[in-house]
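**Q** Please find one structure pasted underneath; my questions will follow.
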Amino acid sequence: MPLSVKGPVMGDIRVTLPDGSERILAEGATVRDLAASIGAGLAKAAIAGKIDGVQVDVTAPLTDGARVEIITDKSADGLDIIRHSTSHLMAQAVKQLFPTAKVTIGPAVETGFYYDFDVETPFSPEDLARIEERMRELAKADIPVERQVLSRDEAVKLFRDMGEEYKVEIIEALPEESVSLYRQGDFVDLCRGPHLPSTSFCRAFKLTSLAGAYWRGDEKNKMLQRVYGTAFADKKELDAYLEKIEEAKRRDHRKLGRELDLFSFSDDVGAGFVIWHPKGAMLRTLLEDFERREHLKRGYDIVVGPQILKTELWQRSGHYDNYRENMYFTEVEGQGFGIKPMNCLSHMMIYKSQLRSYRDLPLRFFELGTVHRHERAGVLHGLLRVRCFTQDDAHILCTPEQLDAEIKGVISFVNDVMGIFGFDYEMELSTRPEKSIGSDEDWERATGALLGALKDSGRPYEINEGDGAFYGPKIDIKLRDSLDRKWQCATIQCDFTLPERFDLTYVDADGERKRPVMVHRVILGSIERFIGVLIEHFAGNFPLWLSPVQAIVLTVTDNQQPYAAQVFETLRTNGVRVQKDFRNEKLGFKIREAQLQKIPYMLVIGDKEVESGTVTPRFRDGSNLAAMKPEEFVAFVNDEVKRFN
């Protein structure tokens, strides 16, 4: 439609584009018409739009005075729309191939999409290939996608007549009197949208895996068949993502944990409980020792609390009312106890054990505390989601005037630690929700301290309005690994609840009792989870200071065993974590095994090394260091490790 430069006439509408320019179109014009008025290329590329910030289909009519944005597959919002529409395409293919399948929900998620189906027989990998092939046929058919609005009663009748009882259940729970549906050929689905104009816009997709999922996430409900997939704007982006997925499979911490003999799980022990093998336990110990050193450097006091505490204490803290479904309980001599799911309460007791003065503050209590949480079996995942884990928990108790400096100190701590491990990270501030406790002054002070620390950090951050806990605002810190995946690790959480519930006080300069400000914080979070992330980040190739085994002594033949044994003892007694392989095997075989175990250095002992009293360190990538005395290698290792100790 042509642009009018003289202004609107009766029946025209005026809309504003993101750059501030205006367009005048005839009344009843749609998002697609607006795109066409700008250019034929944009009209062809348009997949959806935004009217006053609300996403709509390209067929949505424009309103006078609206601010309008055209969404293409290159837009920030475009990928989610592509993925959501591709989930509908998958559901259509499933219904054609498996007519008795019942459809449930199929949202876009961070890495793609999924759809849950109620099927008589779980899908096989061969079924997955058939579904994907049918999706390609439907995409090539260029089937228009059309939006339809029905009353709730009409929609219930439609889906009930189709035998789609899950959709009926969803609709009946909706508060709206009308609902929107999307049709593409013989398939119809309940959805708010928006969606692609036609199936031909689904150009690059792949079904990736099968899984089970309970309806509404409730184990009491029926197990459904979940199909995962992903979609992108073009094949190049899809191929790059699929290669990343293959690399992630090679780095899977569960796979490497077995291959490197770090840890295991056993049905005899129970799901979600890790058994640490010698090398895994050493890795964990190194990490925990690192944590203790770093905390002591920064003025934290190391404390240790018991594993079980009286049920009355959990009732007093509020955990019993709000968290007991995730707790384990036991009884001792008729007295109820709760196994701790977090470490806060012992720290409260330490604070209350004596009268505190403002001169004592800030107090920083740090504990590598093992906790137990009842996680559903369906969400357990290697080290990343377990039922027993250790957290690097700390609680800072300070005066209101000290809060700013304490928050900045924690962010500086996080920055230092993430730098040591080579992680980039993102920060998010979650602010006061509608339902909260604490005064306006408390919230303003705490939020201001968190926000000020974020600004002073010089790093980008996001604000999640209203997403804080009811008892205080927080900063969440998410690290990015070598595959650009995000992982939640550090948290800085202000808490107005526990100091009140436990009547924590200090005496100020005027002799009056005041309530301290409390900050919960973790740096690495769950040690188990962080180790899982480390394994995948480094692909098992841990840096020298963190490697459970730093070197292995290899003999070429049996003749070198006496000298090789001396080398081994020299390294071991001087603190190098060393193994030996004196087996009567070919050297190439032993080197290959050491490389598969990802040991940083191999010390090959042949006749030349015996004669010269040296070792020739070979790095795991195949490169060699110059020959050196065993004592020189010890010094080399210690110098490398000292940088992190």
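Our numbering is plain: 1 for the first residue shown, then up by one each step along the chain.
Glycine too: its Cβ is placed from the backbone N, Cα and C atoms.
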**Q** Which residue of C191, C202, C344 does Swiss-Prot report at the same Zn(2+) site as H395, H520?
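**A** Site partner of H395, H520 for Zn(2+), according to Swiss-Prot: C344.
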**Q** For the domain 'TGS' (9-72), how many residues does DSSP put in helix, in strand and in coil?
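**A** Going by DSSP assignments, the domain 'TGS' (9-72) contains 14 helix, 24 strand, 26 coil.
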**Q** List the residues in the vicinity of the Zn(2+) site, defined as same-chain residues other than C344, H395, H520 with C-beta within 8 angstroms of the site's C-beta centre.
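**A** Other same-chain residues with Cβ inside the cutoff are M342, N343, H347, M348, D393, A394, Q493, D495, L498, M518, V519, R521.
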**Q** In sequence order, which same-chain residues at least six apart have a C-beta under 8 angstroms from H395 (Zn(2+) binding site)?
**A** N343, C344, H347, M348, R364, F365, M518, V519, H520, R521
**Q** For a quick check of packing: other C-beta atoms within 10 Å of the C-beta of H520 (Zn(2+) binding site), how many?
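**A** Counting Cβ neighbours of H520 (Zn(2+) binding site) within 10 Å gives 22.
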**Q** Helix, strand or coil: which one is C344 (Zn(2+) binding site) in, per DSSP?
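**A** Its secondary structure by DSSP: helix.
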